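*Asks:* I am attaching a structure below and will ask some questions about it afterwards.
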Amino acid sequence: MVRHFLDLADAGGDAMAAMLNDALDRKAARKDWPKGRADADAPLAGRTLAMIFEKNSTRTRVSFDMAMRQLGGTTIVMDAGSMQLGRGETVADTARVLSRFVDAIMIRTDDHAKIIEMARHATVPVINGLTDRSHPCQIMADLLTVIERGKALPGSRWAWLGDGNNVLHSIIEAGSLLGFEVAIGCPAGYDPSMEVMEAALKRGASVTIVRDAAHAAADADVVVTDTWISMGQEHAEEKLAAMMPYQVTPEIMAAAAPDATFLHCLPAHRGEEVVEAVIDGPQSAIWDEAENRLHAQKSVLLWCFGLIG
Ligand code: CP
Ligand code: NVA
């Protein structure tokens with residue numbers, strides 16, 4: 001069976017733990033090495049990853065490219081608009097054709113249904129590089145960052161502040177699989193998907209929606225936020241106004257645990273979802289978090305190829 005990485009819930013907690021352990025080991029083994037040098041075992045030598053972008057990207061594009069280089073493989077990077085996909089070739093036919101050329105496909109798309117369709121017709125692994133519904137690779141990096149800071153994930157408390165979006169959906173899934181609490185501070189009208197919430201609750205998740213921002217952040221080990229306006233959304237004044245009470249400020253961080261870590265997937269909008277004093281302050285782990293996209297995704301790739309777990 002082909003191993004796709006579409007959502008954390010499909011992979012499951014055991015596979016996630018195996019990937020995170022592998023990422024820690026691989027990262028430690030190449031400490032201080034030149035970034036372009038391959039890992040000693042070059043486990044993906046001879047393999048090629050095709051990447052399709054329907055939306056902008058800096059971190060996902062570069063981290064997957066460097067991940068494949070460090071694993072000994074190569075990449076082909078395509079913007080959907082310059083592919084036949086951009087002028088009407090179906091997702092299914094694109095999946096069938098790419099499966100004849102490359103060993104895995106990563107896609108960033110505006111519609112989660114497209115990645116499901118891609119996986120249905122591909123005979124090689126398909127990896128979710130962000131959809132409107134989820135961003136599982138980002139959360140693998142976030143988990144790695146929290147573990148590196150010496151925090152046990154089970155029983156920890158995460159506070160999400162702001163928009164109930166794709167990144168939050170993957171955090172909710174991760175919490176339900178790895179046993180950490182998620183308190184969501186978001187304004188009415190911008191809640192996460194009830195489908196994602198209900199599926200997590202069925203798995204025994206501790207996930208709550210709290211309208212008061214400081215209450216959501218209370219005693220949190222991790223405080224996390226994201227842009228209020230995701231790619232493809234309108235930059236609406238009324239949304240910004242509704243979000244403002246959920247801005248991550250020093251007061252919010254003071255409500256969290258004293259050693260709380262601040263995370264943000266980036267790109268950030270200083271003065272909107274978070275103020276400079278927090279994102280550029282001592283509790284912020286954003287640069288390690290960004291770097292960890294590389295390390296986490298190497299393990300995601302190895303898992304997809306059946307080389308982990
Ligand atoms: N966090 C993240 O996915 O960044 P990019 O949009 O730059 O890939
Ligand atoms: N929620 C954001 C994440 C960007 C990495 C978006 O979808 O635009």
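Numbers run from 1 along the shown chain.
The backbone N, Cα and C atoms fix where each Cβ goes, and this holds for glycine too.
Below are the features I grabbed from TrEMBL:
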type    : residues                                                                                          : note
DOMAIN  : 3-148                                                                                             : domain 'Aspartate/ornithine carbamoyltransferase carbamoyl-P binding'
BINDING : Ser57, Thr58, Arg59, Thr60, Gln84, Arg108, His135, Pro136, Cys137, Gln138, Cys265, Leu266, Arg293 : carbamoyl phosphate binding site
DOMAIN  : 156-304                                                                                           : domain 'Aspartate/ornithine carbamoyltransferase Asp/Orn-binding'
BINDING : Asn166, Asp226, Ser230, Met231                                                                    : L-ornithine binding site
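So that I understand the layout, could you describe where these features sit and how close they are to other parts?
*Replies:* DSSP assigns Cys265 (carbamoyl phosphate binding site) to coil in the three-state reduction, placing it in neither a helix nor a strand.
Looking just at the domain 'Aspartate/ornithine carbamoyltransferase Asp/Orn-binding' (156-304), the mean pLDDT is 98.
DSSP gives Ser230 (L-ornithine binding site) a coil state; it is part of no helix or strand. Cβ-based neighbour count (10 Å, all protein chains) for Ser230 (L-ornithine binding site) stands at 15.
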*Asks:* Based on a Cβ-to-ligand 1 distance below 6 Å, what subset of the binding-site residues Cys137, Asp226, Arg293 would you report?
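*Replies:* The ones that qualify number zero, so the answer is none.
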*Asks:* For a three-state summary based on DSSP, what are the helix, strand and coil counts in the domain 'Aspartate/ornithine carbamoyltransferase carbamoyl-P binding' (3-148)?
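*Replies:* Within the domain 'Aspartate/ornithine carbamoyltransferase carbamoyl-P binding' (3-148) the tally stands at 74 helix, 21 strand, 51 coil.
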*Asks:* For ligand 2, list the binding-site residues among Gln84, Asp226, Met231 whose CB atom is within a distance below 6 Å of it, in sequence order.
*Replies:* Asp226, Met231
*Asks:* Starting from the L-ornithine site formed by Asn166, Asp226, Ser230, Met231, give every other residue of that chain whose CB sits within 8 Å of the mean position of their CB atoms, in sequence order.
*Replies:* Leu130, Asp132, His135, Asp163, Asn165, Val167, Thr227, Gln233
